[in-house]
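Worksheet: the structure to be examined is printed underneath.
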Amino acid sequence: MSENLFDALNPRERLLMGPGPSTVPARILKAIGSPTLGHLDPQYIEYMDQTCEMIRRVYQTQNPLTFPVSGTGMAGMETVVSNLLEQGDEAIVMINGVFGGRMKDMMQRCGATVHTVEVPWGDTFTLQHFEDAVKQFPAAKMLAVVHAETSTGALQDLAGVGDVVHQAGMLLAVDAVTSIGGHDLQVDQWGIDAIYSGTQKCLACPPGLSPVSFSAKAIEVIEARKAPCQSWYLDVSMLKNYYTGSGGRAYHHTAPINMVYALREALQIVLEEGLEQRFERHRQMHLLLRKGLEELGLQYIPKQSLHTLNCVSVPDVIDEAKVRQRLLHEFDIEIGGGLGVFAGKAWRIGLMGHSATEKNVTTLLAALKKCL
Ligand SMILES: *Cc1c(COP(=O)(O)O)cnc(C)c1O
């Protein structure tokens, strides 16, 4: 440990092009530094309501129960899983990377019997996979899938999935941590009943909150639970009194006030740019990076690549960790290594939010060329 415990905090300015967090714009850092209000102060409640309304716009949903969970993306996952499932339930989870696997683990801890449908890492599911899954496991209460699998860089097409799942009488739950603010995400149109995401990926905000949203059908399921949600902190039936105001703003836990300021600012930046324009910018930057990486001889792992996270395999002759270290220490650029089965074999390059610019793509490609 450093001896200089009382030195001023002085982190370096890095270019964050890994799997998150992404680079945070100054406007958002300034918002965090605004005066802290009380969590029941009418002015704060107004900021929070505005934040929830902006989350609805970015999620493209009318769901009244839409709010930022106090915690990172994993807390959002836990909110969805622990409120919708209980002892004795059955659930289906589609697994094609790390995060589907984590959902399975959480579901089992909730006492549910979990059925999995797996394809190799980097692949995605076809509509047929979903049709077969609900037929094979008709007693399941919900089907969960990851929209943007950050561990493999694969984008899951969700068009039509909601209909398949609903016709089987199940709820559709979606992990959108790496797609929110970077890829089109239509919660109502796609029939998503429960969704969670994070702030530190394409919203370009520091980590700390997880926007979630629940459909009317999901709320019915929560209200019909036999036992209370085993997580007290994440129990939506209590949280909704604070976030949606029905029945007054009762104290549950102290909201992370300054993080909500940051998220509000981040969402405002997203909406100022425009959703369509923002998705298009991420697409363009992905194409630009892709061209450069392929010119360096690197190959993308997933067939359906995310625009927001680019996962390429690293040839055996290259020491992937050493290259990442050089990028960090000589160029102040962070990219990610492989996760799970891709550990030591892949790079994960994020083009998220504020980091997805032509200048950054060019800078990274030039630095990478020097390191190879
Ligand atoms: C980052 C991520 C998470 C977890 O979010 P944390 O903020 O790290 O808790 C969950 N799912 C996906 C797809 C992610 O990319």
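Each Cβ is built from the backbone N, Cα and C atoms, and glycine gets one as well.
Copied from TrEMBL, the annotated features are:
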DOMAIN    36-339  domain 'Aminotransferase class V'
MOD_RES   LYS201  N6-(pyridoxal phosphate)lysine
BINDING   ARG348  substrate binding site
Residue among the recorded positions LYS201, ARG348 whose Cβ has the most other Cβ atoms within 10 Å: LYS201
Spatial separation of LYS201 (N6-(pyridoxal phosphate)lysine) from the residue listed as 'substrate binding site' - C-alpha basis, Å: 13
Stretch-averaged pLDDT - the domain 'Aminotransferase class V' (36-339): 97
